[in-house]
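Taken straight from Swiss-Prot:
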BINDING   A51, H52, G53, K54, S55, T56, N190, K191, I192, D193, S225, A226, Q227  GTP binding site
DOMAIN    39-248  domain 'tr-type G'
MOD_RES   A2  N-acetylalanine
MOD_RES   S16  phosphoserine
REGION    48-55  region 'G1'
REGION    76-80  region 'G2'
REGION    134-137  region 'G3'
REGION    190-193  region 'G4'
Amino acid sequence: MAGGEAGVTLGQPHLSRQDLTTLDVTKLTPLSHEVISRQATINIGTIGHVAHGKSTVVKAISGVHTVRFKNELERNITIKLGYANAKIYQLDDPSCPRPECYRSCGSSMPDEFPTDIPGTKGNFRLVRHVSFVDCPGHDILMATMLNGAAVMDAALLLIAGNESCPQPQTSEHLAAIEIMKLKHILILQNKIDLVKERQAKEQYEQILAFVQGTVAEGAPIIPISAQLKYNIEVVCEYIVKKIPVPPRDFTSEPRLIVIRSFDVNKPGCEVDDLKGGVAGGSILKGVLKVGQETEVRPGIVSKDSEGKLMCKSIFSKIVSLFAEHNDLQYAAPGGLIGVGTKIDPTLCRADRMVGQILGAVGALPEIFTELEISYFLLRRLLGVRTEGDKKAAKVQKLSKNEVLMVNIGSLSTGGRVSAVKADLGKIVLTNPVCTEVGEKIALSRRVEKHWRLIGWGQIRRGVTIKPTVDDD
């Protein structure tokens, strides 16, 4: 924060001012101007097969290149969850035809600016602030995609126009978002500049046949070229018109699901200048404020002398809040938020805190080490290329003592099946997880050296452990 009175944001003076002293959370909405001026309130995931243009679409809408890491740039694939915020504006001149009256910019742009379209007058005004969760499309990275699905409110399904539909990961991702109960989907037929009109129409029919009977049935199909930014304003218009802003809970105790964490200190930094770790994630409910005391669960996990799992919650204080480059005094649900804390940075470096839950002290859910779930298995394996017209392999039933990968919220952990009966199963988790009864979980099994989505479950009950507290 750039100095000044406590509790008032002074960074980015061209954005709406936030004042903690006059904050009344009961009056906030996901479209309150002081909220969407600085942070996104809706999360949109990009899903689809590898190299179909997910990251390029995010760049076309937000101006942010989500591929950040050297090995990602070299191989031109997304490996970690990318993220970018974008503001969507609408021109207040009714004579301007659609879709030209919609425009998108990065999150630090002013909230209104004059029109530059010939023959129109008025200003472009901010109508939505969205956060894109850019998921990897590679089959080895399915776990990362499921972690991203935990925070999505809607999805853009990308299908490249120059390849047949569906590709293996397209169907696997679509199954994953059905599990996560995502209702709002836009289908983008990308790379339209590379194909002739006849091919595009043929593929349009393929897409319609592919989504029939799935959660994406009836979703709008928009032909675009992300590289040439063709039809991107139509995507913006559909985001505003077709994707409702989800109802949010501003008054409960805050809870944030961590999907990234980092140590922001440079090597060789002086001890006095060290900053605490930063956790990045999406607030599920409540409002986080600068200066608030927080707890992170499960926290530090260890084993006692008998090999039993123990957890120690991490307590800290929020030093700063930010959404991309915008300082915040308080952060509302939705959108990806960075939380600067006083936690030892070594606990946060390189995404070590992913899967943890951060919230108000004493108000977080239980920590589970074993889960009893009611589960549902897919009939056939998805995401595997099959020769010719052979059908994919059937999903075998769960067997006792087999090891699965379990995705709960943003945590991927191993789990050993300890008992199975009809559609109920007991799973002993490798890592403890902070979650609640009724939460959805995704199950994956190792097939030919890759983790493959095989089904999902719902937590019915489980074995919990109490976090230990230091005596000092």
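Cβ coordinates come from backbone N, Cα and C, glycine included.
These figures come from a predicted structure and were not determined experimentally.
Across all of the region 'G1' (48-55), the predicted model scores a mean pLDDT of 70.
Among the binding-site residues S55, N190, S225, Q227, the residue whose Cβ has the fewest other Cβ atoms within 10 Å is Q227. Residues in the region 'G4' (190-193) partition by DSSP class (helix H, G, I; strand E, B; coil) as 2 helix, 1 strand, 1 coil. In the three-state DSSP reading, Q227 (GTP binding site) counts as coil. Taking Cβ-Cβ distances under 8 Å and a sequence gap of 6 or more within the same chain, the neighbours of I192 (GTP binding site) are G161, A200, P223, I224, S225, Y230, N231. Neighbour density for G53 (GTP binding site): within 10 A of its CB lie 24 other CB atoms from the protein chains shown.
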